[in-house]
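Chemist: The following block contains the structure, expressed as structure tokens.
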Amino acid sequence: MIKFLLPSAFYVSDPVAVFAASSLTIKRMNDDRSPGPKADSSGEVTFRKIVHIDMDAFYASVEQRDDPTLRGRPVVVAWRGKRSVVCAASYEARRFGVRSAMPAVTAERLCPEAIFLPPDFTRYKAVSRAVRDIFQRHTDLVEPLSLDEAYLDVTKNKTHLPTATRVAKTIRQQIREELQLTASAGVAPNKFLAKIASDWRKPDGLFVIQPADLDTFLPPLPVGRIPGVGRVTETRLKQIGIQTVGDLHAFDLAALETRFGRYGLRLYELARGIDHNRVIPDRPTKSISAEDTFERDIPLSEMEDLIRRLAEKVWSASRKESRVARTVVLKLKTSEFNILTRSHTPIVPPLSCEELAEIALSLRERVDVGAARRFRLVGVGLSNFRDQEGSQSPLFEG
């Protein structure tokens, strides 16, 4: 599962709902776990060699590469309109506070001189296929997370380079020379650590976490730096005195499982740098969803703009996928913490953004609630992903 934190407090067109937390979540099939490090015949422990590659401001960088007049200028990839959200922002735009997934109107306010461009997913997919070709020169164990991000297991790489660091350096050099783009890379003994490492020296950086570094590298990290720990979980951890990974490490397994259920084991392992999840090539998507949790509960009648914005976030994320969804889901959580869901299937994929929003709004009308009932959370999702003949070209297609 992949979870992206979005801005924690911003207003919609009518400031009725200040968001306590927002998230975009992508769940994938087959979260298989490997046994982890093994000892060879001499008794020496060997670790896997994992590289996480993250293209730098991918959509915006492609636009700047293909149009030299955009280089060095703030570029925002988004549709214009009060309900649109930012798909990507160049680093020039990020200096003004513009971030992916924020409302386009907010981005325009933060950076009035920004150049807004509509996303061109056909072009981005073509570039990502070229990136995939580079990856596969080195290993067949490539797990794409989106058009601009992937894990590679280079423990046994095709080019017989002696270290994962050499592989990562070579890949970054090939991307720069052949595609005129930059990528950041993280090298580590597992996916969890490689993900943290790739973000450490962005943009255009490389960072390596060795097994021997764990005792000094992990403890000072804020718990919010752990991939998958969202704002809500971070708040719950801080409420019990866990501010850093070192604080988390001090909690025993039983205490974490009491507070967080099965996720407690995952937290316990991550605090120790343990992640047995394998690199799985072309792992299919199970669902994509976006949710907003409000600082104060609101009625259904005030949710139209919120639902439309969530639908656009989900639709934008789904455009990166090689398969199409057949089911739209609306999720609501009442002030009493009861969860209500409504879904519509089958649908005729692929949906346009407006069609997705209209279906989600129609599901709202199927919620039978009293006039006084209010809600603390609303979510829109896509599920039941299927292959479709003639649909979008596969992401990172080899």
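Every residue gets a Cβ built from N, Cα and C, even glycine.
Annotations for this protein, taken from TrEMBL, read as follows:
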DOMAIN    50-230  domain 'UmuC'
BINDING   ASP54, ASP148  Mg(2+) binding site
SITE      TYR59  site 'Substrate discrimination'
ACT_SITE  GLU149  active site
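Help me picture these features in the structure, burial and contacts included.
Modeler: When Cβ atoms from all protein chains are considered, those within 10 Å of ASP148 (Mg(2+) binding site) total 25, not counting its own.
Neighbour density for TYR59 (site 'Substrate discrimination'): within 10 A of its CB lie 27 other CB atoms from the protein chains shown.
In this view, GLU149 (active site) is surrounded by 22 other Cβ atoms within 10 Å of its Cβ, with every protein chain counted.
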Chemist: Are there any residues in the same chain, six or more apart in sequence, whose C-beta is under 8 angstroms from the C-beta of ASP54 (Mg(2+) binding site), and if so which?
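Modeler: Once residues fewer than 6 apart are set aside, ASP54 (Mg(2+) binding site) is near ASP148, GLU149, ALA183, SER184, ALA185, GLY186, SER198, ASP199, LYS202.
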Chemist: Hey, does DSSP put ASP54 (Mg(2+) binding site) in a helix, a strand, or just coil?
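Modeler: Its secondary structure by DSSP: strand.
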